[in-house]
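Here is what TrEMBL records for this protein:
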type: DOMAIN; residues: 8-125; note: domain 'Response regulatory'
type: MOD_RES; residues: Asp60; note: 4-aspartylphosphate
type: DOMAIN; residues: 272-370; note: domain 'HTH araC/xylS-type'
Amino acid sequence: MMSKACIKVLLVDDEPIVRRGLRATVNWEKYGMTVVAEASNGKRGWEEFLAHRPDVVITDIVMPEESGLELSRKIKAQAPKTKILLLSCHKDFEFAQEGINLGASGYLLKTVFDDKELEYFLSSFQKEIAGTSKNFLTDGLNESFLLWLSGYNNNFEQKLDELFNGEWGWMNHKFYAFFIQNMPSMAQEIDLQSFNFITISFGKNLTFLFVDESCHPTLLANLTEERVALQDLNWIHAGPLIGKQDWIKSVMAFHHAQQQDGMLHQYPSVLLQAVEHIMRNLSKPMTVSDIAEAVGMSRSHLSTLFKKKIGDSIHSFIEKKQLHLAKQLLKGTKLTIQEIGEQIGIQDAKYFSKWFKRCTGLPPSNYRIQQKGDERLTI
């Protein structure tokens, strides 16, 4: 069964004995938690927060260089859902009240430390985080996602910007993407409640799953174990990824793999890896040798297998994906011709324009104008 120790905790206190005591005496696993880092002041605490993106921060108030209040203020501005518990002395009471006003969940007196009170806070945090981590898309947003994935120009990418600046902010740091067939049949076997995760249903039995880096090894091990027991469970994954563009590229790569052959298990995993590598690296110069090295296969063997199973040469496949992405960017963004060329690995704007015209019969600027005109006609 999946381990639940995926709620990340950061301890910040200028007294090493306090940090060691909390780490050693609290049964963190009981609350599905693990201490990912410590810091001796608010300045270092902020650095560790940015590095680890913890769900819970337990911090002293009065510390050298930067106080726990200033740390709390920055954390709440950056990640408002983070749970903060303050440690204070009697003389710091007014500071503790200020911390509550900043959004801290509560405070504990270090001079009369109460284990029961700490247990209450940790238990509450566990329940709250489990409740908010069920990040399923709403029906309306799921429909918008499916239309966007099918090539329709809608406002989904604008919504993505909002999500990555808010609820999905943890994916601005390392995360992993999974594309799973028959997720419903495994849902009872694999517990995701304590994970930072996003899940999106796609079609009858396919699911996109995005999970925090810290939980990836456990999830991967459990999926591998479950595949032995569940004959219809199939999945592929990609990562580590960072940010919205990697999110988009992974989704497009998985979607293409599914389109090519509808059943993940009928596709050799090495080809899925190759497709994923291509989609993630469209903005970079890429040779067949680069791809072969990335998937651990000889250049000639990969080329033969790719052509046989997918029906295109690798070069032709890459060009089609570059063209598709260029069209989407011309239709749906205000990026310049130079910037769009760079997004598909063509650094020279003049060469990009010639290449695009060769492929479509239109220069990119004319294509953009035509698409805008078509949109107005269909309103």
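Placed from the backbone N, Cα and C atoms, the Cβ positions cover glycine too.
For the domain 'HTH araC/xylS-type' (272-370), the DSSP counts in helix, strand and coil order read 74 helix, 0 strand, 25 coil. Taking Cβ-Cβ distances under 8 Å and a sequence separation of 6 or more, the neighbours of Asp60 (4-aspartylphosphate) in its chain are Val12, Asp13, Asp14, Glu15, Val18, Gly68, Leu86, Leu87, Ser88, Lys110. DSSP states for the domain 'Response regulatory' (8-125), grouped as helix (H, G, I), strand (E, B) and coil, give 60 helix, 27 strand, 31 coil.
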